[in-house]
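Chemist: Below you will find the structure I want to go over with you.
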Amino acid sequence: MALQDVSQDVGQPKVALFNDPKIRGWVYQIVLLVVIIYLVVVGVQNMFANLAAQNIASGFGFIGRNAGFAISQSLLEYSQAESSYGKVYVVGLLNTVSIAFIGILLATVLGFLIGIARLSHNFIVRGVATVYVEIFRNIPLLLHIFIWYFGVLRLLPHPRNSGDLGWLGLLNNRGWFAPKPLPQELFFITAIAFVIGIIVTIFISRWSRQRQAKTGQQFPVFWTGVGLILGMPVLVFLVTGTPLEFDYPVAGGFRPSGGMTIIPEFIAMLLALSSYTAAFIAEIVRAGIMAVNKGQTEAAHALGLRHGPTLRLVIIPQAMRVIIPPLTSQYLNLTKNSSLAVAIAYPDLVSVFAGTALNQTGQAVEILGVTMLTYLALSLLTAAFMNWYNAKMALVER
Amino acid sequence: MKRRILSVIAGTAVLSLAAGAASAATLDDVKSKDSVQCGVSQGLPGFSNPDQDGNWTGLDVDFCRAVAAAIFGDPSKVKFTPLSAKERFTALQSGDVDVLSRNTTWTMSRDTALGLNFSVVNYYDGQGFMVRKDLGVNSALELSGASICTNTGTTTELNVADYFRANNMEYELVAFEKADEVVAAYDAGRCDVYTTDQSGLYAQRLKLTDPGAHIVLPEIISKEPLGPVVRQGDDQWLNIIKWTHFAMLNAEELGVTQANVDEMKSSDNPSVKRLLGTEGEFGGAIGLGNDWAYNIIKAVGNYGETFDRNVGPDTPLAISRGVNAQWNQGGLQYGPPIR
């Protein structure tokens, strides 16, 4: 660019089109693009021609066909009698997303706690956290999964003598049979109260921040929030006559009936994924906090800030900038690692769609293509969200 | 798991690139490689299972050795590729294996939509159920509400679905990718029932901590004709696979055994003469030497011998011949005549 500008300024005669670097660049790019498109098209055509030549079925006609096999966990209504392979895909996807989402939440909480514990001044706390990180980080995830699964299975009792957790339901090696909440007619009022509580709290916290910036006066936002978000709905709930009943599981037969079931595969998978990823997150958190110069703490203390506000207002906001990018890759790892679920029969996307459905239809190219695109989309969505959050947390330069 | 998917993708990629090569004569490929590449299970006692020394044994393994013997006169010229239920068809389609001899059920969709050909049935099986004795269950019809462990990617998932639906019963299906994990989960009490082909139940029962505490229920809920599979479009190779099995059946019917095959060569029976190649040119018709069947029987014995050696009453599996007996003994095994 700079060279070009100079040449124009000097007013030299225009170079031949052929020699213009800008046009040349464009030509090269277009040629490359055409070649790539050509290769992709030829590759795909070749693949389908060969599949046809070998009498292997192709295309997406199978999506609407009846799948005819059972799935042990489904967030949607799934019936083996009527549901199609398309439904199998959705059920598998939801199972993957639910384990990944809950796993990420759990891993983040656990990881932050352990990461902070690793910096503790207390020798025992620090030691325990270090041992945790070293053990969990250095054993392959598949072994974690097997240990949790078979370990948990062997510890749990047979359904005939289920462990009774009281109001939490029953626990045995067929899973956790939790009471199922059955909202009654007036329950929606409580739900509305909850939502209103959240919205009002957000407004109050904004208002209080502005007021503090102007006048320096503080407002007990936290306790007001607790009152609004928790207290108000509870009050409404009691006033409307506790419109929530529970369907308790009843022991008997091969396994308890009623209630809702959380299968042991889900529990084992969740524990394995979150405890494993938490070890990595702990190290990221530790690194992030240590990356904040000690002078910042000293300066905050010198300004009279106590330990809590120093951590909350000075150290963590700066540490987050270091933490978020590697944290994003841990989230992506956890999501992708959830595909190991196939080893212990958790019905995730890989197990039911890229597994059973693939085998029943034999259409490896289509099914694996769709599965790969799905994981790609999940990862890109997670990354996009984290990038947005990162931009929000980035250092605002004034 | 990642390795699995990778191999499936690699298989598909190879498939798209090497499609031309795959339809070429498999026999020529096998001869130039100097060995038959045979897809087997990852360990199913009696059918394909490595012994203490790492040598593959079993009914399906003996079939592959018989093919190698027919082609090379040497049963050791065979290499085994252990495959999961999920990988098996892709491995065959992509040319990773020449023949799939892996207790695979012959169904119409597999035979027509996958570009594969089922050749013969070397074991007639049916799906059954195994439960703990202390459950007190005597019939599969008492299993409503049970948790059922099985393998993914098999016909068993669909059969069990049909059976429970037809009988208006509830169940929970727990499907694992590998047979070993099914056994481990069933052993750990995750499921009340283990379902797979009945021969498989007898085989996997040996792996449980206390095999005596489990029974196989009498019901057979499906037809599971198991047999070797090849790629479509190579009739010569299909013929070799078919006639390897038929030669073993004919040998049993004619009383030709591994022990007496040499003296049988001088038999006056024209059927035996045609089988052992002392009369006619039947080996040449499938691109092999005239002593092809002699080599098979010399190497692995006739069908009855391989059955007795691997799964028969004197083995830990203790399976009786049942429907797998010769046609003239009340069974279904019927070798078309060599003439």
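The first residue you see is number 1, and the count goes up from there.
Just so you know, glycine gets a Cβ as well, placed from its N, Cα and C.
Just lifted these from TrEMBL, have a look:
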type: TRANSMEM; residues: A:26-44; note: transmembrane segment
type: TRANSMEM; residues: A:56-76; note: transmembrane segment
type: TRANSMEM; residues: A:88-114; note: transmembrane segment
type: DOMAIN; residues: A:93-386; note: domain 'ABC transmembrane type-1'
type: TRANSMEM; residues: A:135-156; note: transmembrane segment
type: TRANSMEM; residues: A:186-207; note: transmembrane segment
type: TRANSMEM; residues: A:219-242; note: transmembrane segment
type: TRANSMEM; residues: A:262-285; note: transmembrane segment
type: TRANSMEM; residues: A:340-358; note: transmembrane segment
type: TRANSMEM; residues: A:364-389; note: transmembrane segment
Chemist: Residues sitting near the transmembrane segment (A:56-76): Cβ under 8 Å, six or more positions beyond its termini, same chain?
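Modeler: 48, 82-92, 94-95, 98, 263, 265-266, 345-347, 352, 356-357, 360-363, 365-366.
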Chemist: Test the contact criterion for the transmembrane segment (A:88-114) and the transmembrane segment (A:340-358): 3 or more CB pairs under 8 Å, pairs 6 or more apart in sequence, then answer yes or no.
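Modeler: Stretch pair touches.
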Chemist: Residues sitting near the transmembrane segment (A:262-285): Cβ under 8 Å, six or more positions beyond its termini, same chain?
Modeler: 72-73, 99, 102-104, 106-108, 110-112, 114-118, 129, 132-133, 135-137, 141, 144-145, 147-149, 152-153, 156, 173-176, 178, 319, 323, 326-327, 330, 333-334, 337-338, 341, 344-347
